[in-house]
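Since the structure comes first, as C-alpha cells, the remarks are kept for the end.
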Amino acid sequence: MLTDDQLKQFKRILTEEKERMVRQLKQNRHFQLEEGFYHEASGELSSYDNHPADAGTELFEREKDMSLNEHAEQELKKIGEALKAIGRGDYGRCKVCRRPIPLERLQALPATLFCKEHSPEQRISNQRPPEEPYIGLSLKISRDGGEALREVAKWGTSDTPSDWAEGREDGGFKNLDEDQEYVEAYENFIGNDSKGKKRAVYPNRRHEQYEMALDENGIMTVFGDLPPGEKSPYDEDEKEGKK
C-alpha cells in the first residue's frame, strides 16, 4: 500500500500535469482545431484554383493536429480518473484484480489504474494494413536491363577497339568479370549453412586470385596486416619455408 506521503506526491504530480496540459490546449486552441477548416489556419481564402496535391501538406497537418488533440484529451481523461481514485482511496490498486500496483509502475505512469497484466493497452493488434495486399513485396528482386545486357555482352559484341578509346565511357561492359551480387571479394568463396553456422571456404578460381593478390602485397588481410599476437605462427612457417 502507498503511504500518505506517496499519495500526496502522486496527487501533486497528476495535478501539475493536468494544469500543464490544460494550459497547453488553451494556448494552441486545441491544436488550432477551433479555427474550423484548414483555410483559416493556413491563410488561404479558397482552394478552387489549386490542385488537390497543393493542399496535401495542409491536410496532413490537420490530421496530425486531430490525432494530437485526441491523444491529449485521452491523457486528461486518464489523469482525471486517477485523481478521482485518489479521492476515493483506491488509487494504487488494479481495477481488475484489486492487487497493489508496483511503485515503479506508478512512478513511470502516474495516471495508470491497472497493473501490467491487466493493462488494456498492452494488446497487440493482429490486423494488417488494408493496402498491404495491393502493395506487394517491398523486397522483390527484379532484373534490370543493364544486368541482362551484361550477361549477353560477355559472350561477345560487335564493338571494336575504337569504341573503347581513351576518354570515352565504356558503358560498364569492359569489366564484365567484376564482382556481382556481393560486396567483398571473399564473399564469392565462403559460405555457411541455413542457420548461419558451419562457416567454410570453398576453393575456386576467385579464391586463388584473392590469395595471390594478398601474397603480392605482402599482407594477410585486405584491411591490413594481422596483429602481432596472431601473426607469429605465420611468421614461423614463413621462416621455416625460407630455410
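Residue numbers in this text run from 1 along the chain shown.
Note that Cβ sites are derived from N, Cα and C of the backbone, with glycine treated the same way.
These features come from TrEMBL:
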type	residues	note
COMPBIAS	165-174	compositional bias 'Basic and acidic residues'
DOMAIN	89-117	domain 'Zinc finger DksA/TraR C4-type'
REGION	153-174	region 'Disordered'
REGION	223-243	region 'Disordered'
ZN_FING	94-118	zinc finger
The mean pLDDT across the domain 'Zinc finger DksA/TraR C4-type' (89-117) is 93
Counting by DSSP, what is the helix, strand and coil composition of the zinc finger (94-118)?
6 helix, 1 strand, 18 coil
